[in-house]
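The annotation domain 'NADP-dependent oxidoreductase' is assigned in TrEMBL to 7-285. Positions annotated as active site, proton donor by TrEMBL: 42. For 71, the entry in TrEMBL reads site 'Lowers pKa of active site Tyr'. The feature substrate binding site is assigned by TrEMBL to 104.
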């Protein structure tokens, strides 16, 4: 598969093994998903690997028909650790190659051989390490050259960082995409315009907000009154309406909604409808720069200053 499918199954915070395994089966076998988004940091790749192995063994869906993405965590930016980590991911997922591997964040934490993903000092602050992202990227290119990944990309990078990579003579392969938080409240238009102009994909995570987190107006994103008004007009759910809106922003927009509920999994990929220009503009007007994901209070490292436009 050479082009990333525009809708994928997100797997962050999918911590119930049985539910996650069932969700992967449901998504691929029952709902037609051909894209699953994973990461070493999610600590659930072995469960996903079991599900994928079972699905491919049946023969109805072939490995080459499903796009699998994973990500390298911040403690594995050192080149020798990065390649090892991608090989470990392949073992966990029971795959011979990844369709896409991403650098999860631009900031490097203290290099670790083990699975301690959040190394902290005595004050609780994350211990960082000065590893140039261009050195990390050389290891990503090695993963491509070794056949471990068919495409390589980044996540949570800024336009400035992408421009640095663009014009550095040592960079041989440009990122395939940038995965960032994006939803109706955080449309990331400057980033999306930049990536679209360069024919690079913007993959939107937390694209439905967080059901347990209130947005800027005091309620979760899917309870937004404007979103619900438009959803009612077209006879779709707020989730479907929000996802269709995001995909309408650019031909290089990709969404990876997470759900473990079979009905919602099916609904999130059932987007064969359109929005009128008036409906589109109503949703566009809800942009306010609100983030549901900000690691700073927990990490005590301002990762967002490294990453967003």
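Glycine residues also receive a Cβ, built from the backbone N, Cα and C atoms like all the rest.
Structural mapping of features recorded in TrEMBL.
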| residue | record | Cβ within 10 Å |
| --- | --- | --- |
| 42 | active site, proton donor | 20 |
| 71 | site 'Lowers pKa of active site Tyr' | 27 |
| 104 | substrate binding site | 21 |
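If you take every residue in the domain 'NADP-dependent oxidoreductase' (7-285) and average the pLDDT, you get 96. In the three-state DSSP scheme, residue 71 (site 'Lowers pKa of active site Tyr') is classed as strand. In the three-state DSSP reading, residue 42 (active site, proton donor) counts as helix. On the backbone, the CA of the residue listed as 'active site, proton donor' and the CA of the residue listed as 'substrate binding site' stand 11 Å apart. The separation of the residue listed as 'substrate binding site' from residue 71 (site 'Lowers pKa of active site Tyr'), Cα to Cα, is 5 Å. Following the DSSP three-state reduction, the secondary structure of the residue listed as 'substrate binding site' is coil.
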